[in-house]
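Quick look at what Swiss-Prot annotates:
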MOD_RES   A2  N-acetylalanine
MOD_RES   S79  phosphoserine
REPEAT    112-151  repeat 'WD 1'
REPEAT    154-193  repeat 'WD 2'
REPEAT    197-241  repeat 'WD 3'
REPEAT    244-282  repeat 'WD 4'
REPEAT    327-366  repeat 'WD 5'
REPEAT    370-409  repeat 'WD 6'
REPEAT    412-451  repeat 'WD 7'
REPEAT    454-484  repeat 'WD 8'
Amino acid sequence: MAAAVVEEAAAGDVQRLLVQFQDEGGQLLGSPFDVPVDITPDKLQLVCNALLAQEEPLPLAFYVHDAEIVSSLGKTLESQSVETEKIVDIIYQPQAVFRVRAVTRCTSSLEGHSEAVISVAFSPTGKYLASGSGDTTVRFWDLSTETPHFTCKGHRHWVLSISWSPDGKKLASGCKNGQVLLWDPSTGLQVGRTLTGHSKWITGLSWEPLHMNPECRYVASSSKDGSVRVWDTTAGRCERILTGHTQSVTCLRWGGDGLLYSASQDRTIKVWRAHDGVLCRTLQGHGHWVNTMALSTDYALRTGAFEPAEATVNAQDLQGSLKELKERASSRYNLVRGQGPERLVSGSDDFTLFLWSPAEDKKPLARMTGHQALINQVLFSPDSRIVASASFDKSIKLWDGRTGKYLASLRGHVAAVYQIAWSADSRLLVSGSSDSTLKVWDVKAQKLATDLPGHADEVYAVDWSPDGQRVASGGKDKCLRIWRR
């Protein structure tokens, strides 16, 4: 088949050259072969799929030196001024087999919170939506009817952070007076006792990954008091306290290989062994507070056993035994993780980002500069190939998720960009800003897809449901908005 495609293209007297396919990790596919210089991505797709010999042909994108082959190989080679006397390496990348469409309209404006909405989060399958607010409540919203479902009262101060367990059965919330509460989304009732111990407010929450423990028993919290605590949610007690940071811990990630990562205003990131709390290494390099960080595997960890490609119109709870869920979560994690360990990206008040391989090395892989103001949030795309960073400089920047190389700036907001969220297929990005708008960006085209005005004031929180159906946003106007295509 591959030979037939190449033969067919050989008719006519066109300049030809030798090319070699390889995957992102540098693994060669087949031997070098000869193609016409004007070969198109469609033809490359046929050849590459024939070599891969998959049952179902995969949608693929092709690159030469980071530049995508869009119209023909020749045009890309010209733009990159590549030596064509040598073998040209073409990198192939499988693309998501499903496609998320950009949201275009607000379908509901949900009132209920009496103060600003500080956080919004969809559950791992997209079945439930939760929000945390300055009015001290957590609210669950019914997505089939887009109406308020439960109002959860228990906190006595602003709810600053919320996080879903990866099985979607519990939501943890942390507040300004240092307490962590757990909620059942199907009843709106508190689960177990209030987890107390932190002396200052909660800055982040992160659950043990589903593939490590399908019971979703442990959750970690970070606080302005400089510590990280790991809680046993079944027993309702603190399992261990990780101390070592000298200032506020700003964010926290529970990785998929048994490590916990904490970032702090003391300018460091600490890597801990989750099961016994031993400090493995300290990552240094930032010149100011570390505000935000993300893992290359975040999306797989967040969604656990849920596969966005198999989403149905009405989101359901996950079905299957704990063993089956664990296996599904494990295979999804390993697919995104790839051969090397998970990567971490951190963003700081010093306007820079660093890319790390924290399981192996305390030196950064790359220092990423270009933002003109502090960085609010950084996120890897679900397929881990691109890093997006949102900043007070009004821009969102895109970077290569493996090398940290700068790719593009997305401009359009007229004030600080607070939060961003990826669509499950890694093709779109939504951003919420102090300018009161949301914007949806086409990442490949590096341009604005849709502009979503509607909020009356700053937008603090935004999330895109893992099933791709909805975007939720909240902010200073106390309103929760749901956007659909």
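Placed from the backbone N, Cα and C atoms, the Cβ positions cover glycine too.
Note that this is a predicted model, so its numbers are computed, not measured.
Listed by sequence, the residues of this chain that lie at least six past the ends of the repeat 'WD 2' (154-193) yet keep a Cβ under 8 A from its Cβ atoms are 115, 118-119, 121-125, 127-128, 130-134, 136-138, 140, 199-207, 209-210, 214, 216, 219, 221, 223, 225, 231, 233-234, 236, 301-306, 317-318, 325, 329. Contact between the repeat 'WD 5' (327-366) and the repeat 'WD 8' (454-484) is not supported: fewer than 3 Cβ pairs lie under 8 Å, counting only residues 6 or more apart in sequence. Counted with DSSP, the repeat 'WD 5' (327-366) comes out as 11 helix, 10 strand, 19 coil.
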